[in-house]
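Colleague: Sharing a structure below in structure tokens format, with a few things to ask.
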Amino acid sequence: MAFKAKKPGNSKQQKKKQKTQPFFLNEKFRFILGIFILLISAYLLIAFISFLFFGAADQSKLDLSWKELVFNSDVKVENKAGKTGAFLSEKLMNRGFGIASFLFIYLFVVSGFKILGRNLVKYRRTVIYTLLTVIWFSVFLGFVFPKTSASSFIYPGGQYGFVLGSWLSTLIGKIGLLLLLFISGLSILVVRFEKVYSAVKNIFKRREKIVAEEDSEEDSPAEEPLISDDSISKVIDEEDNIKAIFEPDVADEEPMEIQRAEEEEVHQEVKPAPEEKEEEGLELTVHHKKEEEVEANFTGEGMEDYDPTLELSRFKFPSLELLEEHSSGNAEVSNEELLANKNKIVETLRHYKIEIVKIRATIGPTITLYEIIPAPGIRIAKIKNLEDDIALSLAALGIRIIAPIPGRGTIGIEVPNRKPEVVSMRSILSSRKFQESTADLPIALGKTISNETYMFDLTKMPHILVAGATGQGKSVGINVIITSLLYKKHPSQIKFVFIDPKKVELNLYSVLEKHYLAKLPDEEEPVITDIQKVKNTLNSLNVEMDQRYDLLKKAHARNIKEYNKKFIGRRLNPEKGHRFLPYIIVVIDEFADLIMTAGKEIELPIARIAQLARAVGIHMIIATQRPSTNIITGVIKANFPARIAFKVASMIDSRTILDTPGANQLIGKGDMLIAQGSNMTRVQCAFIDTPEVENICTFISEQQGFPSAFLLPEYVSEDEVGPGEVDLNHRDELFNDAARVVVANQMGSTSMIQRKFSIGYNRAGRIMDQLEAAGVVGPSEGSKARQVLLQDEYSLEQLLNSFN
Ligand SMILES: Nc1ncnc2c1ncn2[C@@H]1O[C@H](COP(=O)(O)OP(=O)(O)OP(=O)(O)O)[C@@H](O)[C@H]1O
């Protein structure tokens, strides 16, 4: 498959754009202006410093009228920057903001460099803080030195500082002013410099700790017990209960163990890659170390590492507060329920002459697993055959028998709980496992039977097929996957391509366009719904994949991780086309609809991505309601080793997805089986409601984003080009330029147009057809270049004018 593509924007167009720019945006003008401002800063510096030394001598001259000062050449000043320097210093320092006026020079320097295209600092922030600092200092100095000494000519706080200080001190008194200066000074420092903030906080924390230690010494000289009284009593309680149930006074001789595993939750906000760990940090603070912006251009060794998050360095990750608890009230499995189930299992098995040595229960959020060890000599297949009978006698739908449980040597019977527990997304994201995960694309999906958070790294899967009958939790599952990534990954690190022919499920992510989405250039809708655009996007992803492989090859990197590491370490030159590569996650909902309408045209690019894209960081998640073999074909199956099945209608459907039965016995509402190769895990999917997803999306979209979505390479499909009629009213925007090139070179070659304008073959071919229709070139002559029908530029310009 040959993919022709180009990155948006070519040099010619850029040049054209530059030509139409207003003069003040012109690069040369900016260069001159930048240098001019830098020279002014140098001049002001000389003037100010001279003013400090010679200001006294110049005072009498500065009292003259400005006409005399300017035009009378007998009037001479000592200031090394001349009369203008002396005048400006007097106005800015004595009549302005005093010594703090030196900071204006800093602003000039920063502005000069910014105009020259070098961002030394974050500009807007710096301007605001510097102006605030100027005002603060002038008031402070005005307050400390209210009057200058008789011998001094300088007002340290300047006139403004003095006036403002005097006014404030009459308003709130001297002590009030002092306090105001203290708090405003501290605020500027704390907000401006993260380090000051941490230092101040540490002082308080240390103080708190000392007080706490002193208190605890006074209160309890003995060592603190590791377990609180509360928890001890809980343990004893449980033990009592267990004994109460399984004392053999009822009809059960077999002992049973109960495992109520509960995973420890860390009640702490997610902190993706924090620079400094805080003990109690409740708020989501993503601290990116740089105060100053780093030049993003490659300059090789010795430079600070490239930081992809820098462009949105103030981006805040959504906090867990945006998620609901979803507590389902009294969802505990009661001891009566456990005992009743156990007795029924034992009775049923006994009825079929199957004796049990031991039985053990593990309580999960929606099901309880009863593990039994049958007496020696009992055949496992016999128990498996009794699946339906046991289900009937337990009067519960969806019993699944796992005989034997791999690696355990026991037989498992999964029985749904009477009152299932809703696993909230919040509990999953606040789990230690998720928070401390160092996976590249961490996804927390739900809880396993033993109440552990089930997590995986998408880069290892590397693509997922999600299937399940309608209403069983598929959409929620996809939202859980997407949300996990949104809580851990910065917008610069991952990009989503959302394909949703049904137009409803994924549309709520469209507000993330400028943060997390990738799309084709010129495409309006960020979530793709139109079938033709789906084809173009998938093919464009193939092009992106090929381009990424080329970059990896040039960088001698085996995969995206190695490549990005080299790029971050500034070992790859952006001028040679290298760029930081975000992971791309393609989410396709209602895959069946696509295959039904577009068949192979969709299947082939998907299969190609699935086969090859792992190393270059493109991962796919495809979901379908209809797990039939004409949808989930052999090609798709072979390339999606990781599959998630929600409840399906029949055993055949389960086999289509997982290659084994089981998914038909699930109980719905997010109950799922996850197959990774031969490994199969039953997991209760976390629950996240649509309003929660909306909250997260709003939180993100309200923050500053990139100027546009991440642009995929342009792809124009063959059928859009179509050889039929050419409509000269809709000429390509490169039509005129291409015609000029063809006439100037007297050569009608498509590949020449392609090369000159760095465009794809299809587009160049389309332009050539238009040139033919316009009479610039003759018809195609096979592999030979076309004949050029216009001999000179004059006749061409006449022709072009006739179109306007
Ligand atoms: N993990 C879960 N925990 C609890 N309830 C859930 C869970 N997942 C889904 N549900 C319940 O099932 C309902 C349907 O879920 P969902 O919309 O995800 O189904 P679906 O399979 O995507 O359906 P469709 O294919 O028709 O879009 C939800 O509204 C919710 O009430």
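Here the Cβ of each residue, glycine as well, is placed from N, Cα and C on the backbone.
Keep in mind that this is a model prediction, so the values were computed, not measured.
Straight from TrEMBL, here's the annotation block:
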TRANSMEM  31-57  transmembrane segment
TRANSMEM  97-116  transmembrane segment
TRANSMEM  128-146  transmembrane segment
TRANSMEM  166-191  transmembrane segment
COMPBIAS  264-275  compositional bias 'Basic and acidic residues'
REGION    264-283  region 'Disordered'
DOMAIN    451-655  domain 'FtsK'
BINDING   Gly468, Ala469, Thr470, Gly471, Gln472, Gly473, Lys474, Ser475  ATP binding site
Colleague: Quick test of your reading of the structure: among the binding-site residues Ala469, Thr470, Lys474, whose CB sits under 6 A from ligand 1?
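Modeller: List returned for ligand 1: Thr470, Lys474.
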Colleague: Quick one: among the binding-site residues Gly468, Gly471, Gly473, which has the most Cβ atoms sitting within 10 Å of its own Cβ?
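Modeller: When each Cβ's neighbours within 10 Å are tallied, Gly468 leads.
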Colleague: Where does the mean pLDDT land for the domain 'FtsK' (451-655)?
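Modeller: Averaged over the domain 'FtsK' (451-655), per-residue pLDDT gives 90.
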Colleague: For Lys474 (ATP binding site), which residues in the same chain are close in space, meaning a Cβ under 8 Å from its Cβ, but six or more apart along the sequence?
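Modeller: The list for Lys474 (ATP binding site) reads Val466, Ala467, Gly468, Ala623, Gln625, Phe646, given in order along the sequence.
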Colleague: Excluding Gly468, Ala469, Thr470, Gly471, Gln472, Gly473, Lys474, Ser475, which residues of the same chain place their Cβ within 8 Å of the centroid of the Cβ atoms of the recorded ATP site?
Modeller: Gln625, Phe646, Lys647, Gly668
Colleague: Name, in the order they occur in the sequence, the residues of the same chain whose CB lies under 8 A from the CB of Ser475 (ATP binding site) and which sit 6 or more residues away.
Modeller: Glu505, Asp589
Colleague: List every residue in the same chain as Thr470 (ATP binding site), at least 6 positions away in sequence, whose Cβ is under 8 Å from its Cβ.
Modeller: Gln625
Colleague: Counting every protein chain present, what is the number of Cβ atoms, excluding its own, within 10 Å of the Cβ of Gln472 (ATP binding site)?
Modeller: 25
Colleague: Among all the protein chains here, how many other CB atoms are within 10 A of the CB of Ala469 (ATP binding site)?
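Modeller: Other Cβ atoms found within 10 Å: 21.
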